[in-house]
Each structure stands twice: as C-alpha cells, then as structure tokens.
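Please read the structure below before turning to the comments.
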Amino acid sequence: MVPKVGINGFGRIGRVVLRNALETGAVEVVALNDPFIEPHYAEYMFKYDSTHGRFKGDIKVDGKDLVIDGKRIKFYQERDPANIPWKDSGAEYIVESTGVFTTTEKASAHFKGGAKKVIISAPSADAPMYVMGVNEDTYAGANVISNASCTTNCLAPLAKTLNDKFTIVEGLMTAIHAYTASQKTVDGPSSKDWRGGRAAAQNLIPSSTGAAKAVGKVIPELAGKVTGMSVRVPTVNVSLVDFTVRFAKDVTYDEVKAAIKEASEGPLKGILAYTEDDIVSTDILTDPHSSTFDAKAGIALNKNFVKVMSWYDNEYGYSRRVVDLIVYVSKKDAGQ
C-alpha cells in the first residue's frame, strides 16, 4: 500500500518533495499545510518554478483544496502543527519542511492531529538521522526521524564507499553551495552571521555547515575524522562537494574512480552516480541522485592523499531521498 503523506511547509523543499512524489508515484500526498500561503497562491507557486520549470500536469483549486491530476489534496493554513487535522485526510507520514520544527519535541506536535510518523527535511539536534544508501538499515522505529541535509546526503554515500574500500584517516570537505532562501537579495541585517547578510547573487560567501560532522553520526566510524565548511556561490541551484581525504591504505586515483563506479552500479545505484563527462552545474539540474561523482574533477597528490568532487541538486536529489526514506520506513513499519 502506498504511504499517505502530508507536507508541512510549502516552500522550496515542500514543493519539490511534492513534485518527486507525483513523478515517482511511490507515495501519495493527501494534505498540505502552510499558514503563509492561500490555495490559489499555492497553485501558482507549484505550477511555475523558475528553477525546475513549469509543472507539466494539471493543477487547479477546488474550494480550499488543490486538485492535481484529478487527485484532491487537502490544504490547511495552521500555524501550530498541533492544530493540523492530518487524520481528516488520512495523512500518516508527515514531511516537516518548514525548517522550524526540527527537534523531536517540536515535531511531535504533529501527532496530536493524527500523524503516525514525522520526517524532518533538515538536520535535527536530537532525532535519528538517516541517509539513504548509508545507514537506513539502522532504523529502529522512532516516530520522529531526520533525512539529514542535502550536503550530508551528497557526502555520506561517497565517504562510505571510500571508507569501506580504503579506510579514511581524516577528511576535509568544502561544499560549494548554491544560495538559498535564507540569504539576502541585497545587503541586509543578519546579526548571527554577518557575511550571510550580504547580497547572495553578488558574492562568494564563506559559511559554516554541520554537514560533514553529521557524516560521523550516520557513519559512526568516521566520527571525529571528518569536518568541513561551505562557500555560498551566486547560482540558484546545484551544489558541489569538494572532499579532500587521507587514506590508511595506498591507493591510486584510478582505484578510487573504480570503487565509486562499482558502488554506483551496485549497492548505491540510484543514489550515487558516476560520470566522466565534462559537466557543469546546470547539467545536474533536476537530477534525482544524492551525489554525482565527477571522475575528471578529482586529483591525487600521492598514494594516500586524494581530492574527490561530487555534484548534487540540493533541492531535487534531496527531496527524492525524502520520498525514498518514507517508502523505506513505511515498509519497515509494516514488518516487510
């Protein structure tokens, strides 16, 4: 049975999760909630997308609900997650994509309205984090879980592959990251992050990220061995992980490429991709993989010290994994 899904927060990730749900048919979205968007505006925002293009299906408003390709999706406008009547629509698996309710306690408010499980589409301070292809098999039935971050979803499959094969001693990551909705179009106030308040489309902006350290949470043997930072760049979508790593074993760059290619065609197929083409960022737009290893972009200094680079659509690939995680946990919950 296809899991019935509700989405709280109809922003970039909320809308792209819905696109992925419709594209795959793997889950059925039956309800949406966003207190800041009324149904006609939600229709417009979903239909027209500057990054991923116009929605090719049929969408209209009927009363207070959306009807997409003939299927009704309940639309709520509650500010408090505890007041969202998920049970009325049959939504059991809730995608928490507001970026606000990212702790177990805050996300648990959804249960008051009839939710069965909450999947936070962001890193969480205390909810178990899962990265598909890396540690989903450790899922133990927690009712609030996290899909980690888009950058962790790019780095972790790569790090797992390299660590399993060659043993990582230590690694540093730089995420060359497209700007996001949290940034400013022109210089503006940002008291906690002064650089982050500068104009997104005009600047390269060094920033912090917990994505690399989070790899240690999903791959415990790498805890304390990997860290990183990010640079926000003036592009609207698609990012690039630059991972410099020291191995315990002697290895050539060709062996690194071969290991990643093997993983991309085997256990990580559909999650980790491999390319030897001379691609640039727009070539990854709307790509559903978590991570696309760029074989030509990496380099080795010696037999232990290597730089690898991997692309990711930080919206689309990440949102596809949200859908995949829901499918996975729903099967586990059903005892399959």
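Just so it is clear, glycine is given a Cβ too, placed from its N, Cα and C backbone atoms.
Listed features, source Swiss-Prot:
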- ARG12, ILE13, ASP34, ARG79, ASN314: NAD(+) binding site (BINDING)
- SER149, CYS150, THR151, THR180, THR209, GLY210, ARG232: D-glyceraldehyde 3-phosphate binding site (BINDING)
- CYS150: active site, nucleophile (ACT_SITE)
- HIS177: site 'Activates thiol group during catalysis' (SITE)
Integer Å distance between the CA atoms belonging to THR151 (D-glyceraldehyde 3-phosphate binding site) and ASP34 (NAD(+) binding site): 25
ARG12 (NAD(+) binding site) and THR180 (D-glyceraldehyde 3-phosphate binding site), distance between Cα atoms, whole Å: 9
Cα-Cα distance maximum in Å, computed over every pair in SER149, CYS150, THR151, THR180, THR209, GLY210, ARG232 that the record assigns to D-glyceraldehyde 3-phosphate: 16
Where THR209 (D-glyceraldehyde 3-phosphate binding site) sits in the secondary structure, as DSSP reduces it to three classes: coil
Neighbouring recorded positions, C-alpha within 10 angstroms of ASN314 (NAD(+) binding site) - of SER149, CYS150, THR151, HIS177, ARG232: SER149, CYS150, THR151, HIS177
By Cα-Cα distance, the member of recorded positions ARG12, ILE13, ARG79, HIS177 nearest ARG232 (D-glyceraldehyde 3-phosphate binding site): HIS177
Length of the line joining the Cα atoms of ARG12 (NAD(+) binding site) and THR151 (D-glyceraldehyde 3-phosphate binding site), in Å: 16
For the D-glyceraldehyde 3-phosphate site built from SER149, CYS150, THR151, THR180, THR209, GLY210, ARG232, further residues of that chain with CB within 8 A of the site's CB center: ALA175, HIS177, ALA211, SER230, SER239, ASN314
Most distant Cα pair in Å, residues ARG12, ILE13, ASP34, ARG79, ASN314 binding NAD(+): 27
ASP34 (NAD(+) binding site): tally of other CB atoms within 10 A of its CB: 24
Cα-to-Cα gap, THR209 (D-glyceraldehyde 3-phosphate binding site) vs ILE13 (NAD(+) binding site), nearest whole Å: 18
ARG79 (NAD(+) binding site): secondary structure state under DSSP, collapsed to three categories: coil
